[in-house]
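First comes the structure, then the notes that go with it.
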Amino acid sequence: MARAGVVMEVGSDGVAVITMSNPPVNALALSIIAGLKEKYMEAMKRNDVKAIVLTGDGGKFSGGLDINVFAKVHMTGDVSILPDDSINLLASTIEGPNSAITLYYNISFKFYNQLNFRVLLSSDANKPSVAAIQGLALGGGLELAMCCHARISTPDAQLGLPELTLGVIPGFGGTQRLPRLVGLSKAVEIMLLSKSIRAKEGMEYGLVDATTSPENLLIVSRRWALGIADRSKPWISSLKRTDKLTSLSEARKILHVSGKHAKKIAPNMPQNQVCLDAIEEGIVFGGYAGLLKESRLFKEIILTTTARSLVHAFFAERATSKVPNVSDVGLKSSHIRKVAVIGGGLMGSGIATALILNGLLVILKEIDSTLLQQGIKTITANLEGLMKKGSLTLDKKNEALTLLKGVLDYSEFKEVDMAVIEKVPLKQSIFNEIENICPRHCILATNTSTIDLNIVGERTKSQDRIVGAHFFSPAYVMPLLEIVRTEKTSPQVILDLMTVGKIIKKVPVVVGNCTGFAVNRTFFPYNQAAHMLLHLGVDLYRIDRVISNFGMPMGPFQLQDVSGFGVALAVKPIFASSFEGRTFETDLLELMVQSGRNGKANGKGYYLYQSGSKPKPDPSIQTVIDESRKRALITSGVKPVSVSDQEIVEMIFFPVVNEACRVMDEGVVVRASDIDVASILGMGFPKYRGGLVFWADTIGSSYIYSKLKKFEDAYGRFFTPSKYLEERAANGLPLSSANSTPSQALQARL
Ligand SMILES: C[C@H](O)CC(=O)SCCNC(=O)CCNC(=O)[C@H](O)C(C)(C)COP(=O)(O)OP(=O)(O)OC[C@H]1O[C@@H](n2cnc3c(N)ncnc32)[C@H](O)[C@@H]1OP(=O)(O)O
């Protein structure tokens, strides 16, 4: 069944199998929900149906409610578009009267009238349902499964309620049924962390009743459903259960502690507390009251800026795989099996780690055995670090290491499908050396953050297969892969590198060739603006605090400490010559290094670092700052500028937005939302703000333009608004309007 829809087949055993189909993940579009209602009503009425099995087509149960519906709500502001089926379909038609009747016993009087109404409605649900789960059951998909009377699954199916990552809460009864099935603590953990678990783990917690192979899934589910119908198996309504719930006081304690923790680690995520409130309502007043509250809160939370931003980020991330003339011209990805990594330094070993972790064979090439051993040691240490964090088992680590081979010459390069050159000098000569050894189809990739790819490849005959693979450090952790193409890079090579990116679980964003490419170029004013503020007399620790409070993982000065000053010093002249007149230059970094400060690497930067404790401000830094201010001709006697926290955010981020405008204007990115994804995954821009350009559009182009003008008047050309920004401000247009606007993109999807 490939077309979207819901079908029902009634077998001679009296089991109606209802199958949802909406490729690729059987998302619950409004039409699917309507189809489910129709088939359920029919099954309930038919005399030849004794029990129901609910399943999904194409090896997947369901990826949850169709998120396009959220986007439509955001576009129109109309929450009535949302399906209101938590009670009518899930509680009444599928789960049945049992759950509603319970209310007579544990609900407060305030719901008495609604209760009678629901009991009346639920009279149709007189047959048991079993969910037959394969592949995944997420969000509304898992919620549908939880309102069935049992869940049979293949062992590796992925189960979870990731709604909070979209800025909403589970809205099909998840806040009520999950605690009743797995207990409150586990349910809170699964929901707040948006953690998906495998079905075999779900069985331990009581979420799944039995696991079986894909071949036997329908057989076992049919038998189970018939067993419930003839009462040889229990007929359990999840909403009715109380056996896994703790005492009220214990429950309140768990919810309170979880709320406090969530507020501390994610202060800008209102959905976390809202989710806990919905759970609490159900614990205090009963599951049905909880459903009502959940439904009401869902309709409120979906309209928040956080939900809008996170839904935008969801689609923006998926849009990166659609690259005109690459992904839409019928090309097929090549089979990439073996990759050569040339250079085993920090980046090379990080890239090799990412590759072997995901099953690719790696040939690590170094110039001598000492460096080679160091590279292998770093890769091993990377894997051990992951083991310590609990994200890798010993078996997986050993398995990964069997895929790694260290070499000192190019003899193995005859068979590689891709060669990645670490950020090393002499790139040109290395490309010349390997282009004749590697097979003709081999991708020649270089991990560089700034160097012009045209120059790297200019002396080779292989310019069509030269591409930039800009990884972010640590390469085996950071999720972004910036794929840099030149005008000569072939679409096949771009597609193949995108595929490798997906294999190693990165989000590949394809960008054009320019100094700094999309990410480093957009963000070069970030550090420079922080330096300008510092040289205008603003306290550096205050700047860091304000920017952290804005939602960045750390402030710009701490970030410089963590990255080390070497790269920043190396790229400084490159940016200065490429973007003449719009950089802010001081001697600060040079002075830092001269005073023995190399950043976190030697324990001394803008902060002092000691293992096991948080970075501490270093009062002795003031002499370095004073000297730098003096050299920048902002003498120490001058009164420091007075800026509000909001102005600090604006003076740091508006120049970044301004550069993003130039990046869009020059077509360095395919679409504005690619900058959103790159800023979130590459720079740690807060996802709940939707990404850099999305955030800027919530502020408005004319406001940003007017502020930059003001800053330009006061502090010079560093702040001069770009033409692109000026035009959009003049016409009252959003910055993202150059390419596909969110509404156009949505229209195309609906
Ligand atoms: C009332 C309820 O409580 C509310 C809800 O249910 S909210 C929805 C909850 N569900 C989710 O958050 C799941 C979101 N989806 C995902 O995490 C991942 O897509 C997945 C794990 C299902 C699959 O991942 P993966 O295999 O890498 O494929 P991925 O590229 O992400 O998705 C494939 C396609 O399915 C689409 N898709 C996935 N889940 C979707 C959903 N719930 N709604 C609409 N489209 C969805 C993606 O947009 C993408 O479309 P495209 O090919 O046109 O770009």
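Even glycines carry a Cβ here, placed using N, Cα and C.
Non-local neighbours of the transmembrane segment (15-36) in the same chain are 1-9, 43, 46, 49-58, 60-69, 83, 85, 89, 132, 136, 140-141, 144, 218, 222, 225-226; each lies 6+ residues outside the stretch with a CB under 8 Å from one of its CB atoms. Annotation comment: TrEMBL describes 15-36 (among others) as transmembrane segment.
Summarising the annotation, TrEMBL assigns domain '3-hydroxyacyl-CoA dehydrogenase NAD binding' to 338-513.
Look at TrEMBL and you will find 339-364 (among others) tagged as transmembrane segment.
Taken through DSSP, the domain '3-hydroxyacyl-CoA dehydrogenase C-terminal' (516-609) splits into 60 helix, 4 strand, 30 coil. The feature domain '3-hydroxyacyl-CoA dehydrogenase C-terminal' is assigned by TrEMBL to 516-609 (among others).
Feature annotation from TrEMBL assigns domain '3-hydroxyacyl-CoA dehydrogenase C-terminal' to 648-731 (among others). When the domain '3-hydroxyacyl-CoA dehydrogenase C-terminal' (648-731) is classified with DSSP, helix, strand and coil residues number 68 helix, 1 strand, 15 coil.
Over the domain '3-hydroxyacyl-CoA dehydrogenase NAD binding' (338-513), the average per-residue pLDDT in this prediction is 92.
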